[in-house]
């Protein structure tokens, strides 16, 4: 059992390693600590959102409103910061407000999904349209420059521990928490059970409502965290900056081995999926690949990675089946 | 089970398609002001930008609306919420059914608009392009902000002047690889580099940033990492120079890497101040919006513009070559003058 768990992410990990080796051979700059830190920092937002999305996809659901929720929270805290004094407490206020607003928006998704049993994709598409429409109306798409943010926020965004940006620690921290939830808590095991077979899950006494409220609320919570991370990363608020980003988030989760039909998926896999996307973007520039070819290369690597991953899984499944027969 | 999975995937795709449509229709509610345009008897001019809700097109909207008020014509300023060709087609289809008199469009992709613009002409609607040229065969008038070659040359000259050397590596950032006007400027830049500055090396051809500041920022960080010898960045599309400048600022490379690009003065301010952006070169987008509506009205009255016309006392003198109108030379926005502009 332990071996299987270990090999589950092997396929995607192997491809990632291969890509890293090839890029390093072309341009050794890739394998410098600074560059790897760049990759992680640039993909912290993607990672945080993808981790939350993993829980939803494991249950067979989907949330296409994540990018819009993140943008909405970013705009909200951007405006909030114009009124906050330059004091460490302001940071706490920003985080609290972001998490509150995000969770609230996530709970609204959860409410419609649970209360009216509307398929998640329909509900979240609706909230996606509403939120992005409202955002465009309110902001008119104008950037907010970070020049007016409190000094303490700028300092926070540049803060490093052992030379590694705070944003990377945020990603690692919430990945670890989410991994813990999935592995060691009742709700975490319920998420897997629910995605594996919702009818049996209900029969053994798992509350469908509770699980769904939790995952969509938690997604909103992480979107709030992602909004702070995003604002810290670009030190500005761009209401259009994440338009269409939900597809990248879902891609990271699916590349990481989660099944869009539910029941399958892991935090480690999702992080590897996120890394693969991030490494590709960084690596193609480092390898000086012409823009015209970049999308083609990215697409090819993704298909290779996912095919290899699925082959690997099939082999493992075949082996386990054999053992059971014997 | 397999068919069920298939059905799910198909419905997923359908729903995503629906999402694409719904965002597009959401945008059209914004600036419509005349449901039954034919009954008013007034001239109705539709101005379609590449997308709504970015500062550049907000500024041109302000100019177009102002012209509408001053010249006594109806102006509908509407467009997609993303720089997407198919969404723009459906916006134009809606405008055709609403029976406007003139459609002026800034195409996201000129080829994909040709069929719908042909249909507009069959319906007796005058078709113009502005900001970015459409297929010349389907337009009655083409409003260009600038002479493309002159603009490209102005940008690369300014970049070389900021770098203080005519040798070294430079990178070209663009909003998108299929945007016709951006490509024309970069063609000009490449031509000037080949003729005038043979010692400059352009790395990696053109680098796309999807019209997003954040993407330009991220890509420039990677570029600076991969090319420690990089001396200059020339960025076209309005968000790209800001993202590039931000990356230069982040790495404290203001003194060794020059950035020049087409950006709006107010957005550029913070970057011009500390030298991370050396110069923003652009025309006045408000004037462009105004000029478009003015020429549309004249066109509907059967008047073609004349070489050397000055519009509203401050736009131009324009130059006219057949159907092609050029607004005038570009303006340099630098640390000393950006505060004089309010767009």
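Using N, Cα and C of the backbone, Cβ positions are placed for all residues, glycine too.
Note that the coordinates shown come from a computational prediction; the quantities given were computed from them, not determined experimentally.
The transmembrane segment annotation in TrEMBL covers A:12-33 (among others). Below 8 angstroms of C-beta separation, residues 163, 255-257, 269, 272-273, 275-276, 279-280, 282-283, 286-288, 301, 304-306, 308-309 of the same chain, each at least six residues beyond the ends of the transmembrane segment (A:12-33), sit close to that stretch.
What TrEMBL records for A:39-58 (among others) is transmembrane segment. Within its own chain, the transmembrane segment (A:39-58) has Cβ neighbours under 8 Å at 66-67, 70, 120, 165, 167-168, 170-171, 174-175, 178, 181-182, 191-192, 195, 215-216, 218-219, 221-223, 225-226, 229-230, 233, 245, 248-250, 252-254, 256, 258-260, 262-267, 269-271, 273-275, 277-279, 281-282, counting only residues six or more beyond its boundaries.
The transmembrane segment annotation in TrEMBL covers A:65-84 (among others).
Residues or ranges marked as transmembrane segment in TrEMBL: A:90-114 (among others).
Panel annotation: around the transmembrane segment (A:121-141), residues 61-65, 67-69, 71-72, 75, 105, 108-109, 112-113, 239-240, 243, 246 of the same chain, lying at least six beyond its termini, place a Cβ under 8 Å from a Cβ of the stretch. Annotated transmembrane segment per TrEMBL: A:121-141 (among others), in sequence order.
Taken from TrEMBL, the feature transmembrane segment applies to A:161-182 (among others).
For the transmembrane segment (A:213-236), the list of distant contacts is 41-42, 44-45, 48-49, 51-53, 55-56, 59, 61, 63, 66, 69-74, 77-78, 94-95, 98-107, 109-111, 113-114, 120, 143-146, 149, 153-154, 156-157, 166-167, 170-171, 174, 178, 187, 191, 242: same-chain residues at least six beyond its ends, Cβ to Cβ under 8 Å. Annotation source TrEMBL lists transmembrane segment at A:213-236 (among others).
Under the heading transmembrane segment, TrEMBL lists A:242-261 (among others).
If you look up TrEMBL, you'll see A:268-286 (among others) marked as transmembrane segment. Here the transmembrane segment (A:268-286) has Cβ contacts under 8 Å with residues 8-9, 12-13, 15-16, 19-20, 23, 26-27, 29-30, 35, 38-40, 42-43, 46-47, 50-51, 53-54, 175, 179, 248, 251-258, 294, 297-298, 301-302, 305 of the same chain, all six or more residues outside its ends.
Residues annotated as transmembrane segment in TrEMBL: A:292-311 (among others).
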### Task
State the non-local partners of the transmembrane segment (A:161-182) in its own chain: residues 6+ outside its ends, Cβ under 8 Å from one of its Cβ atoms.
33, 37, 40-41, 44, 47-48, 51-52, 54-55, 58, 188, 191-192, 218, 222, 225, 229, 232-233, 266-268, 271
### Query
Going along the chain, which residues at least six beyond the ends of the transmembrane segment (A:65-84) come within the CB cut-off of under 8 Å?
45, 49, 52-53, 90, 93-94, 97-98, 101-102, 105-106, 109, 124-125, 127-128, 131-132, 134-135, 138-139, 144, 148-150, 153, 219-220, 223-224, 226-228, 230-231, 237, 239-246, 249
